[in-house]
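A short write-up of the structure that comes next.
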Amino acid sequence: MRTIGLFLLVGVLILLTGMFQSWNVALGIVNMGLISAILALGVNMQWGYAGLFNVGVMGFVALGGLAAVLVGMPPVEGAWAAGGGRIILALAFGAAVLAGAIYLYKRMTPGAVRTLSLLALLVVGFVVYRRLFDGAVEAVEAVDPALTGYLGGLGLPILFAWPVGALLAAGAAWVIGKTALGLRSDYLAIATLGIAEIVIAVLKNEDWLSRGVKNVIGLPRPVPYEVDLQQDPGFVEQAASFGLDPVVASSMAVKLGYTALFLAVLVVVMWMAQAALASPWGRMMRAIRDNETAAEAMGKDVTRRHLQIFILGSAVCGLAGAMMTTLDGQLTPSSYQPLRFTFLVWVMVIVGGSGNNFGAVLGGMLIWFLWVQVEPLGLMLMQLLSSGLPEGSALKAHLLESAAHMRLFTMGLVLLIVLRFAPRGLIPER
Amino acid sequence: MDFLNGLVTLLNFVVIPATAYGAQLAIGALGVTLVYGILRFSNFAHGDTMAFGTMAVILVTWGLQALGVDLGPVPTALLALPFGILITVGLVLVTDRWVYRFYRVKKVPPVLLVIVSMGVMFVYNGLTRLIIGPDDQRFDDGARFLISARDFKTWSGLDEGLALRTSQAITIVTAVAVVAALFWFLNRTRTGKSMRAFSDNEDLALLSGISPERVVAITWVIVAALACVAGTLYGLDKSFKPFTYFQLLLPIFAAAIVGGLGSPLGAIAGGFVIAYSEVILTYAWKKVLVYWLPESLEPEGLVQLLSTDYKFAVSFAILVIVLLFRPTGLFRGKAL
């Protein structure tokens, strides 16, 4: 009952936005809300099912975004000829050196000989790697830097990027999980925080891969372009029959197309998440979360299960990241901010109700709505507060200007209030 | 002569900046490690506490400057620092009273407190941005250099200059003073000893009549003061931008963990380990090597191991190595 009521409430809020602001804004909120819901589902798997504290959501989202570029963009022919093969070779060589180092570490007996040979291998490997890599990168980045200057992607339909984004994120999660799981829960938090910053640093600096801060724009779309719709007489006629201007109608049609795609993904992910939660596997996960020692005594491999769920949850975040970049149509590495992409998702999960998938979806939609709407509300509040002040006073200008920063403050307050007075969230776990 | 030139370059571009940065990280990590030792959670709001404290110092500095007060060659911010500390202490104590105490009384698992500190982080971050805005602020006044590169060159007759900025000298002096005071307090005073006892074994400390609320309050006061000092020193040395302070969270946590969470000595060692590694790995060594290597071996490139944008990767890599091989940290903190 409560669940249905709360979802209806979010629906009404969005309808009100549509009526009082514009239907375009409302649809925009719905689309990002759906992606947020998927993100929240991913984090909820990790935190709600297993009690893992992942604060690197941003990194997995960005990896998903990278996947969209690597799959969707057409390959840059000149760049591949200039040094694409050599970059791949260099990366493979680097990986081989690392693998060799791990092999040496495991096989040789501990002692000075092992340390020295490890050091020698790593130093020589690093020098050779840089020799191979630097030249190739220079060559690739020199190819028409104003337009390309990177390797491009595979030129496949962009929808393929979504599962690839999930795979990339899963790979990163495997590396982190191998290192930090099995230690204190805080360590996983710090490790994920670190990997997220590193992923963003890579996206910003490795121009050959993602064009860095020059951004990749004009990603192909899974839905038609507005301009094409506006020139399609059939569409214009249909829009007119609804009494809509073709420009508005085309932008709404595109957004609705995205909504349908995202909704389909959300339903599939939700169905899988619910099925997993209800299965013996889900019960085992909750048992581990509630009492690790007891679960271990029952013969459950806690660290392995944690690794499994950590990878699954991160993959869902990567999927959502690829969807988000598809929706934006561009990859802008500098737009990834931890407060927005990591901590906001946490607010969604906690407010919605950790451990409950419906709660996560609700939290995703509701908090995204608040995130968008707090800014105009904050501006109204500030105008009200400063209305008594004389026109042109410095304080008034400052108050109005700072309204934009009300968001973070409000989100923190919402999180603290929910944690205090409804620690199990709006839709508690059953 | 070449050797000396190389040495001076090394001092100027690696040792001095890394020492100043290390001191700032160490004071930051001390705050994190104290919260961890006494209150037993990782405080994600520490970076933003630093930002808030620095903001308070900046506002007081502007006030003092408007009144025409200045300290000559020393930045006015030092005069504003005590006021900034008072404001930060007030904020943190109010936060503890309104937010953390509720959970402490209920004895919730530590990871929940981490999430609570995340909410506090949002609120502090929002407050800082509401009051001073998200932009860069420079509040460094007074003499810029204690030793300027040109003076050094004329004095020594070397080709390379050695510069010591006032902010760097102040950072190092303040850090030594703060650390000495903290250790004197923890090791010699009754209150400090009760804090350490509380950190070692809470139940035993309670049995011997130590008041937990008092210990916690004193811890917060010290942590707030440390955060404010660390933030102000960092801001004087570089510049103040709220987002940078949030990002400092990673090297600070890395420093605390590398040293061993809960161990004050470890936090200091960790701070310097992280700072030196960051600077050494991201410095372009060509400038030093041209002096030290024979001409035939002179490097072509910059000999920069990593681009400076990857400095977070350095703290992270060290963190991972320590976690893999010595999860309790260099100084055997309490974590595992």
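Using the three backbone atoms N, Cα and C, a Cβ is placed for every residue, glycine included.
Marked as transmembrane segment by TrEMBL: A:29-45 (among others).
The transmembrane segment annotation in TrEMBL covers A:52-73 (among others).
Look at TrEMBL and you will find A:79-105 (among others) tagged as transmembrane segment.
Nonlocal intrachain contacts for the transmembrane segment (A:112-129), taken as residues 6+ away from its ends with a CB within less than 8 angstroms of a stretch CB, comprise 90, 93-94, 97, 100-101, 104-105. Positions annotated as transmembrane segment by TrEMBL: A:112-129 (among others).
Look at TrEMBL and you will find A:149-175 (among others) tagged as transmembrane segment.
Taken from TrEMBL, the feature transmembrane segment applies to A:187-203 (among others). For the transmembrane segment (A:187-203), the list of distant contacts is 52-60, 62-63, 65-66, 172, 175-176, 179-181, 209-210, 212, 310, 331, 333, 336, 338, 342: same-chain residues at least six beyond its ends, Cβ to Cβ under 8 Å.
The transmembrane segment annotation in TrEMBL covers A:256-279 (among others).
The transmembrane segment annotation in TrEMBL covers A:307-327 (among others).
If you look at the transmembrane segment (A:339-358), the same-chain residues 6 or more away from its ends with a CB under 8 A from one of its CBs are 3, 7, 36, 39-41, 43-44, 47-49, 55-58, 61-62, 196, 270, 273-274, 277, 286, 364, 366-368, 371, 408, 411, 414-415, 418-419, 424-430. The transmembrane segment feature in TrEMBL is assigned to A:339-358 (among others).
As annotated by TrEMBL, transmembrane segment applies to A:365-384 (among others).
As annotated by TrEMBL, transmembrane segment applies to A:404-422 (among others). Taking Cβ pairs closer than 8 Å, the transmembrane segment (A:404-422) reaches residues 339, 343-344, 346-347, 350-351, 367, 370-371, 374-375, 377-379, 381-382 in its own chain, all 6 or more past its ends.
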Feature contact check the transmembrane segment (A:256-279) with the transmembrane segment (A:52-73), CB under 8 Å, 3 or more pairs: no
Intrachain residues whose Cβ lies under 8 Å of the transmembrane segment (A:365-384), provided they are six or more past its termini: 6, 10, 13-14, 17, 25, 28-30, 32-34, 36-37, 344, 347-348, 351-352, 399-400, 402-404, 406-407, 410-411, 414, 426
Same-chain residues near the transmembrane segment (A:149-175), Cβ under 8 Å, at least 6 residues beyond its ends: 59-60, 63-76, 79-80, 84, 87, 140-143, 195, 199, 207-211, 214, 216, 219-222, 261, 265, 307, 310-319, 321-323, 325-326
Other parts of the chain folded back onto the transmembrane segment (A:307-327), taken as Cβ under 8 Å at six or more residues beyond its ends: 31-32, 35-36, 38-39, 41-46, 49-50, 52, 54, 57, 60-65, 67-69, 72, 158, 161-170, 172-174, 176-178, 181, 188, 219, 221-222, 258, 262, 265, 269, 285
Contacting positions for the transmembrane segment (A:29-45) when only residues 6+ beyond its ends and CB under 8 Å are counted: 14, 17, 54, 57, 60-61, 255, 258-259, 262-263, 265-266, 269-270, 273, 309, 312-317, 319-320, 323-324, 327, 345-346, 348-349, 352, 354-357, 359-361, 363-365, 367-369, 372
